[in-house]
Amino acid sequence: IDKEDPKKRGKDVCGYPLSIFFIVVNEFCERFSYYGMRAVLVLYFKYFLQWDEDLATSIYHTFVALCYLTPILGAIVADSWLGKFKTIVYLSIVYTIGQVAMAVSAVHDITDSNRDGTPDNMTFHVALSMVGLFLIALGTGGIKPCVAAFGGDQFSEHQVRLRTFFSVFYLCINGGSLLSTIITPILRGQECGIYSQQKCYSLAFGVPAALMVVALVVFIVGSGMYYKAEPEGNIMLDVCKCIGFAINNRYRHRSNQYPRRQHWMDWAEEKYDKLLIAQIKMVLKVLFLYIPLPMFWTLFDQKGSRWTLQATTMNGYFGKLVIQPDQMQIFNPILILTLVPIMDSVIYPLIKKCGFNFTPLKRMTVGMFLAAMAFVCAALVQVEIDKTLPVFPSASQSQLKLLNMGSSAVTVNLPGNESLTLNASDKYFTFETEQIIVSVGSPGMTQAIFLKRKSRQTLLIPSVISNECNNLCKQYYSFLAIFSFLMIRTKFSLLSGSQSCEYIKDFGFGGSYTFFIPSTFVFGPDCQDSITVVEDIEPNSVHMALQIPQYFFITAGEVMFSVTGLEFSYSQAPSNMKAVLQAGWLFTVAIGNFIVLIVAEIAKLPNKWAEYVLFASLLVLVCIIFSTMAYFYTYIDPSEIEDQFSKKVDEDEDDKDKREKAEIKMVRRDSAESYDDSYKQSNM
């Protein structure tokens, strides 16, 4: 090892330290693992754990919020105690255990004792998945601030590829996100199981878990090549201590007998350096602008929850290509990779040539407005979806559908409706009473039908109506119908000994179907003609392509808000305070996800489109507040302020040296005068 350069531990490849390639592969696998698991998470909550949409959304955003709170803890542990390498390894192990726990929690056969495809002990699955999500939040958040910084530590002064490394690093983040968002929904759509075949959430979580194992192994393999800096303390702790001392000192000197100071942070001068206090003042000035920012993240992160649930009620058939509801999120990384270079090389220079001073704060304001526009688009899409959704009975209502099993039309009389002549009916009739009188045929056969509240039922009218049997048949269906996510052609096989009959049916997104096989069914070449198919719920007719505009607006808003926001923050704060601003930025993301829970619980709006409009309105209001704050903000150059303090310190040192020299001269002169006096006295 070169003693003069401890970072030079191995060969350089294309100007990069060899160790960098292990870190880049680790980051790609970790991001694939995280975004792959997160892509299918809200659907796992709704369709495997059988939670309603509000609870699924709440737990999803609680998890995301924790993922953005734990980076602060990870940075403190790495800088003050374990160091970056050990922190990444230990928390990656925790991360991997969490991913494995999620995969195991999605295996329905573990508690499916009666083998009907539904877990019998849902508490086990819920508890294991919550433990897994907590470990994942601790792991992914804890290593988030460490990996990029650890990669930067590997470069020495003679290696000029540091900036290119960060570009490659963030390309891996978006690449992992893009691929995982495509692949894991496909895995979820497969059917797997030991005793019964169900949607394969265990595979959708298992592949990300395997990628996390790969990420951990790859990172450890490169251990001997890494430069591992010793912990030097975390600036956030120093900042917090300084702020705490200033507040405490100001409180102790709150009496009017003590003179006021220009800034409340000046009360820390008794203990802390003036340069540190000035740097904290600059950071606090930026953090004050962060106050309205969480509202942007409130809207942005709903693309993984509300928007995914919205896509489940839409048609994802793009020609021969079938897009899953949770795959619509791929438009975000695709648009990011497209819009960032367009903004930097075309849009911003064009605006500058037009003579408009498009400052970073103005860009952030426009980004917030674009996010609000995205939710207006989502509301308009939801209005179109609501027009096609079935109207289910309320708690005091029942619904009944009539199905004629005969080949000829029959006349049916229902309470509150005119006489109906039908072959088959796709219409549900709504009743407020629990018992109705139904008359069928002419002359009519009358029968009392008892209905179940808050449910849909089907009344089967047989081909031969016997007064003796009084055989009007009624079938009940669960109020929460199971929707088909796939628009695929499915083949059914009816088997009886050596005989078989194949029936092919195209299923649509969100459709619900019932198949009736008559007792007179006969195997043969035309056997499928005797099977009756009833469409209980129509397939989704609103196309998923209508979601593309809202993804475009939210991604354009992200590029103008997030990228510009970090750039502005770093330009307005001292170089040694970047970690503080990064922590503050991640904290706004966490708070934004908590706001989703608060607004959703308080508002309790019956219509989803109204909730989208509410969020858009709140962001527009916050956008106005932020633009007002930005108008009064004065841009600064932190380096100039630090140079002023450095010059002042140098001048103070020069003055001190001059005073010391003057004192030495005075001492020498006094010594000379005392010598002359003593000489004269001795002569006398």
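Backbone N, Cα and C atoms are what each Cβ position is placed from, and that goes for glycine too.
Note that the structure is a prediction, hence the values are computed from the model and not measured.
Noted in TrEMBL for the protein shown:
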- 55-76: transmembrane segment (TRANSMEM)
- 88-107: transmembrane segment (TRANSMEM)
- 127-150: transmembrane segment (TRANSMEM)
- 162-183: transmembrane segment (TRANSMEM)
- 203-227: transmembrane segment (TRANSMEM)
- 282-300: transmembrane segment (TRANSMEM)
- 330-351: transmembrane segment (TRANSMEM)
- 363-383: transmembrane segment (TRANSMEM)
- 582-600: transmembrane segment (TRANSMEM)
- 612-633: transmembrane segment (TRANSMEM)
Cβ pairs under 8 Å between the transmembrane segment (127-150) and the transmembrane segment (330-351), at least three: no
Range from 55-76, 282-300, 330-351, 363-383, 612-633 with the greatest count of C-beta pairs under 8 A to the transmembrane segment (582-600): 55-76
Interface check, the transmembrane segment (612-633) with the transmembrane segment (55-76), three or more C-beta pairs under 8 A: no
